[in-house]
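K.L.:
Attaching a single structure in structure tokens format; questions to follow.
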Protein chains: 2
Amino acid sequence: MARNIDGTEISRVMRAEMAQQVADLQAQGVTPGLSVVLVGNNPASQAYVSSKTRACETLGMKGQTLHLPEDVSTEDLFAAIDRLNADASVHGILVQLPLPAHLPYKAVLEHIHPDKDVDGFHPRNAGLAFVGDPRAFVPCTPAGILEMLRREDIPTRGKHVVIVGRSLIVSKPLASLLMAPGPDATVTITHRHTPDLASFTRQADILIVAVGKQNLITADMVKPGVVVIDVGQNRVEDPGSPRGYRMVGDVDFDAVSQVAQAITPVPGGVGPMTITMLLANTIQSARQALQARAP
Amino acid sequence: MARNIDGTEISRVMRAEMAQQVADLQAQGVTPGLSVVLVGNNPASQAYVSSKTRACETLGMKGQTLHLPEDVSTEDLFAAIDRLNADASVHGILVQLPLPAHLPYKAVLEHIHPDKDVDGFHPRNAGLAFVGDPRAFVPCTPAGILEMLRREDIPTRGKHVVIVGRSLIVSKPLASLLMAPGPDATVTITHRHTPDLASFTRQADILIVAVGKQNLITADMVKPGVVVIDVGQNRVEDPGSPRGYRMVGDVDFDAVSQVAQAITPVPGGVGPMTITMLLANTIQSARQALQARAP
């Protein structure tokens, strides 16, 4: 029976460490600050944003939301980002996605100063991360997965990591990080055009699934002893639950747990790590701002 | 017996097409210009640089070399690059590597304006290429390999590409390009920490080897019908040759040719494509400069 990799508990430990780092920075006169730009009134986005700013405050950081109307113009949104770029008390800027369709989201993300791009979506950060530069802000989900593996003492060197999915914000940065010197994994990236997916997933020592398709990975598709990281977030109807639905991942959790060595649950696996890494990136940005200021 | 993939012939065809593109740009008042910065007197670097500028001239482009002394200061090198960045007749800037040890080569490469970085080594271009942005200059060797596969009608969709080596300028960009929508390959990246390399190389429909180790890939390590791209460039002593040495790749060419469907020779495979793609990137840069100027 697989061990559960408990993202909530790992996050709790990390956030306790980070509260100390925040206190140390405050002693040097800097309070790490995150500004979240929220456009419109999408309820899911509002919930995400408030959980991000609340998490900041719990650690003693400054978390603020800049709420703009649904019909904000590109120019006004750029001007708002410019003000945050110029504000020395703001170390991290995040534009909550999705944006309304009239806004050019790529140009918006590129408008954030790369030194404050704690989501790691600016091409400069993608490039720095690609070449393994430590100044890069690594996107939060891949960074969280690496941190989980590290803290769970799951070695990656010489292991075969198979990634299902090829998204720009999860799978591609993960592949780049895991194959690099240090992690030293052999990495295979599979996707919708991979014939006989199971022939690849069965080779995995570590299987990372980030597609968004319930029960994509079944027990017969994995090798006994595999470590499974499930990044999927799928809503399934559940009349018994107060909200009428519950969240599941891309992996048939109950069946795969019988075969795997360790597995992340959904919810409570990768999810909590993502916000934790956002906080970590904001603290890193505050530290870099402090160092840049030093004589 | 494997078909030879003839990089010299593919380059000849491409350069004829490109000469026409250059003529079209000249008709619009723009002659694509490449400036190569050469520091010091390394004979191999001098030979590379002159083959690059000569290739420019053959196509009707402007190729110039800025030759700086071995002991040039970082400041003077930066100032020279600044002048090329500001010069509207220069569309591509390339700093020939390796640089003398006293120069910070990463900072030097980042000093080139990303819009003129035809080698594709600036973090901004690495980031744009990573996210599949068409404005990116893709590093010349990976771009050349993709172009070869395309022109030889070798499909990549649904194929398993195994890359041996994980270098930043060849393997990682290749992996990123090949797994993207369009090429749609399943990609595995292996390297020195991969145990039982042959168990991976034998799975390859397309095997790309970029390590720099003679005879790393032997006939028993490949599947019958594989396509082999050999990026290796190794000198071996050869008293019978005028220079006393000859170049070989990373693949045991004669033995693997008995098993493979198609294979690139060394020399005459990937090598000629690399300079061809440098010229292509310079023409792309000139075209983008012209478009930016248009009303």
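Cβ from N, Cα, C; glycine included.
Annotations per TrEMBL:
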type	residues	note
BINDING	A:GLY165, A:ARG166, A:SER167	NADP(+) binding site
DOMAIN	A:5-119	domain 'Tetrahydrofolate dehydrogenase/cyclohydrolase catalytic'
DOMAIN	A:139-288	domain 'Tetrahydrofolate dehydrogenase/cyclohydrolase NAD(P)-binding'
K.L.:
At a 10 Å cut-off from the C-beta of A:ARG166 (NADP(+) binding site), count the other C-beta atoms across all protein chains.
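P.N.:
Looking across every protein chain shown, the total is 24.
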K.L.:
Give me the mean pLDDT over the domain 'Tetrahydrofolate dehydrogenase/cyclohydrolase catalytic' (A:5-119), rounded to a whole number.
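P.N.:
A mean pLDDT of 96 is what the predicted model shows over the domain 'Tetrahydrofolate dehydrogenase/cyclohydrolase catalytic' (A:5-119).
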K.L.:
So which other residues, same chain and not among A:GLY165, A:ARG166, A:SER167, have a Cβ within 8 Å of the centroid of the Cβ atoms at the NADP(+) site?
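P.N.:
Those within range, site residues removed, are A:ILE163, A:VAL164, A:LEU168, A:VAL170, A:SER171, A:LYS172, A:ILE189, A:HIS191, A:ALA210, A:VAL211.
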K.L.:
Are there binding-site residues in A:GLY165, A:ARG166, A:SER167 whose CB lies under 8 Å from a CB of chain B, and which ones?
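P.N.:
Near chain B: A:ARG166.
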K.L.:
If you draw a 10 Å sphere around the Cβ of A:SER167 (NADP(+) binding site), how many other Cβ atoms fall inside it, taking every protein chain shown into account?
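P.N.:
Excluding its own Cβ, the number within 10 Å is 17.
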K.L.:
Under 8 Å Cβ to Cβ from A:GLY165 (NADP(+) binding site), same chain, six or more residues apart: give me those in sequence order, or none if nothing qualifies.
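P.N.:
A:GLY165 (NADP(+) binding site) has long-range Cβ partners A:SER171, A:THR190, A:HIS191, A:VAL209, A:ALA210, A:VAL211, A:VAL231.
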K.L.:
In the domain 'Tetrahydrofolate dehydrogenase/cyclohydrolase catalytic' (A:5-119), how many residues does DSSP put in helix, strand and coil?
P.N.:
60 helix, 18 strand, 37 coil
K.L.:
On the DSSP side of things, how many residues of the domain 'Tetrahydrofolate dehydrogenase/cyclohydrolase NAD(P)-binding' (A:139-288) fall into helix, strand and coil, could you say?
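P.N.:
Residue counts in helix, strand and coil order: 53 helix, 30 strand, 67 coil.
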